[in-house]
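So the structure is just underneath, and the comments pick up after that.
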Number of protein chains: 2
Amino acid sequence: MLCWRKGTKLEKSIRNELISLLINNYDQFISGEEISRRVGCSRAAIWKHIEELRHEGYEIEARPRSGYRLIYRPDRIAPEEILPYLHTDRFGREMRYEPTTPSTQVIAHQWAREGAPEGALVIAEEQKQGRGRLGRTWHSPPQTGIWMSLILRPPIPLTDASHLTLLASVGVREGMYRVTGLPIRIKWPNDLLIDGKKVCGILTELRGEQDRVHYVILGIGINVNADVNQWPDDIKDVATSLAKEKGTKIHRPPLVAAILEELEQIYDRYLREGFSFIREKWEETAGMLSQTITARTTQGSVTGVAMRLNEQGALLIRTATGITPVYSAEVEWDAGGNRS
Amino acid sequence: MLCWRKGTKLEKSIRNELISLLINNYDQFISGEEISRRVGCSRAAIWKHIEELRHEGYEIEARPRSGYRLIYRPDRIAPEEILPYLHTDRFGREMRYEPTTPSTQVIAHQWAREGAPEGALVIAEEQKQGRGRLGRTWHSPPQTGIWMSLILRPPIPLTDASHLTLLASVGVREGMYRVTGLPIRIKWPNDLLIDGKKVCGILTELRGEQDRVHYVILGIGINVNADVNQWPDDIKDVATSLAKEKGTKIHRPPLVAAILEELEQIYDRYLREGFSFIREKWEETAGMLSQTITARTTQGSVTGVAMRLNEQGALLIRTATGITPVYSAEVEWDAGGNRS
């Protein structure tokens with residue numbers, strides 16, 4: 001049997017369809033003939049791809065008359081692992097995968113300048129020079145987390161850019177919640193916590209002019225399968241991982257897919273309806289409302305009760321002298337009062 | 001006589017000091033010995049530089065026993081022409097001069113990413129692909145204008161970035177007024193007009209994250225000596241040049257220096273004192289306050305009376321139903337009522 005689509009179909013696409021088929025029939029035999037028919041390629045070509053996958057760490061049993069059976073796949077967040085789970089229109093439809101990289105943000109900025117489409121994603125197994133807010137370093141060890149940067153091109157003025165940080169907090173939280181069911185709460189403006197401990201950080205960077213944003217890079221870092229027991233005590237006090245909280249290892253590709261789906265949905269709704277519904281969703285899951293907090297800004301500290309967000313996404317704090325909007329700050333409060 | 005600083009002093013710096021000395025003694029003889037002493041270099045080296053300058057279009061008379069006399073200099077905005085007039089601390093202290101370039105903004109973005117210091121300036125005689133707001137093209141013909149991009153690194157959050165557009169409008173206007181005395185008015189947010197006709201456009205672009213601006217590029221384009229009579233009628237109706245309004249050609253280097261000085265002063269004061277004084281200065285020279293205007297935003301049009309700026313730099317417009325802040329818009333009003 002010859003490959004009827006040969007020459008018109010990209011090798012990469014054949015490979016992705018093959019992996020998708022094997023994953024969807026995980027631990028079950030599927031005949032070489034059926035694979036060949038569904039992927040649209042010769043059995044010899046299928047065999048070649050199977051050999052390649054084995055070389056990359058996939059364990060695939062081959063049995064005469066039964067066919068192939070996927071019994072183990074390596075723990076990777078490569079596009080072919082994510083795509084079988086991904087039901088989005090634009091988000092993650094173009095992907096750059098890096099086994100190791102200095103920083104997904106840096107690659108995404110460059111790609112955006114070169115014209116990357118909206119939804120383009122840079123994802124890495126490991127970052128050597130990961131960055132957090134305000135240029136802080138962000139620890140991104142190999143294969144234990146999700147380190148990714150999503151490129152957006154929202155048609156909004158610069159003054160609305162802070163909406164996107166909050167939008168991202170809500171969307172990423174929903175994707176993580178859908179997969180894990182864990183009680184994740186938002187710390188303004190851009191951290192996700194479980195029981196007061198950081199499990200995810202979001203960094204929103206952009207380039208623009210007053211009238212419009214040219215592009216936004218949402219940098220998302222999630223501690224997924226990190227072995228928290230090996231962390232030093234002072235880190236254990238302030239950070240955790242999804243696996244530690246869930247009590248089981250979490251397969252990363254469906255989590256990436258769920259986050260991209262939730263982000264795309266909430267983003268499209270934001271472009272149609274504006275900021276109000278994000279504010280409501282944010283207020284439902286924020287871990288600090290009605291609490292007494294201290295916000296440290298470059299102009300000094302404000303202590304008071306966190307009330308809600310205003311239309312620009314600033315946090316309104318009620319102090320003895322009135323209500324103060326805070327646009328950018330380090331926020332501290334008694335996370336113990338926040339356990340759920 | 002040997003050059004005592006030879007080997008320690010850069011050729012470029014010798015050249016700049018020589019030009020500065022000639023310009024400050026324009027049309028007067030200055031002896032080779034005095035030049036040699038003041039620039040700190042041998043008379044042979046001075047002679048070599050004089051020859052080079054002649055080659056570039058400077059006309060310098062040399063007379064035995066009298067010395068050198070500058071009688072004509074080419075119309076350029078190269079660093080050596082600007083520096084003799086420049087009294088700033090940081091602004092323009094590092095300069096990249098391009099006889100012709102696609103866009104000074106593009107070069108400045110790249111330089112900023114590579115770590116250019118605050119105040120670094122890219123300046124060109126001609127732009128082939130000059131840009132205005134919202135990606136519009138900006139006509140930048142050779143040697144008739146000032147096309148430049150200034151790099152700033154203000155320690156402010158992203159929400160305050162719109163302050164810089166207004167700061168730039170006020171600073172550039174003051175520099176232009178100091179040199180020309182012309183009645184220049186500001187059109188919100190970033191155009192400068194004379195008698196309702198555009199003479200200068202300012203484009204503020206930036207890169208940053210929610211908590212801080214990484215860098216800002218102020219792009220400034222000024223029609224200085226353009227021959228307006230050669231423009232088509234429809235352009236003549238909406239734009240003008242300083243030379244046309246002043247009735248005489250304007251030497252560009254001192255104008256560049258005056259603008260950089262005013263910008264540095266106002267910028268430093270902004271960092272010390274905040275936005276209020278800029279708002280006041282802006283309101284003094286804005287050409288649209290108390291007028292009925294129409295502001296076209298991406299969400300539709302607002303027609304009403306332009307009142308003042310709010311703390312974020314938004315224009316407050318009083319309509320039949322209340323006061324609306326406008327953060328980004330195209331503004332139109334009857335410029336005829338604005339003549340001074």
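The backbone N, Cα and C atoms fix where each Cβ goes, and this holds for glycine too.
As annotated by TrEMBL, DNA-binding region applies to B:32-51. Residues annotated as domain 'BPL/LPL catalytic' in TrEMBL: B:80-271. Per TrEMBL, the feature biotin binding site maps to B:Gln127, B:Arg131, B:Gly132, B:Arg133, B:Lys198.
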Binding-site residues, contacting chain A; criterion Cβ under 8 Å; candidates B:Gln127, B:Arg131, B:Gly132, B:Arg133, B:Lys198: B:Arg133
Neighbour-count leader, CB within 10 A, binding-site residues: B:Gln127, B:Arg131, B:Gly132, B:Arg133, B:Lys198: B:Gln127
Rounded mean pLDDT for the residues that make up the domain 'BPL/LPL catalytic' (B:80-271): 91
Site extent for biotin (largest Cα pair distance over B:Gln127, B:Arg131, B:Gly132, B:Arg133, B:Lys198, Å): 18
For B:Gln127 (biotin binding site), the three-state class that DSSP assigns: strand
Conformational class of B:Lys198 (biotin binding site) under the three-state DSSP mapping: strand
Per-state residue totals over the DNA-binding region (B:32-51) - DSSP helix, strand, coil: 17 helix, 0 strand, 3 coil
In three-state DSSP terms, the structure that B:Arg133 (biotin binding site) belongs to: helix
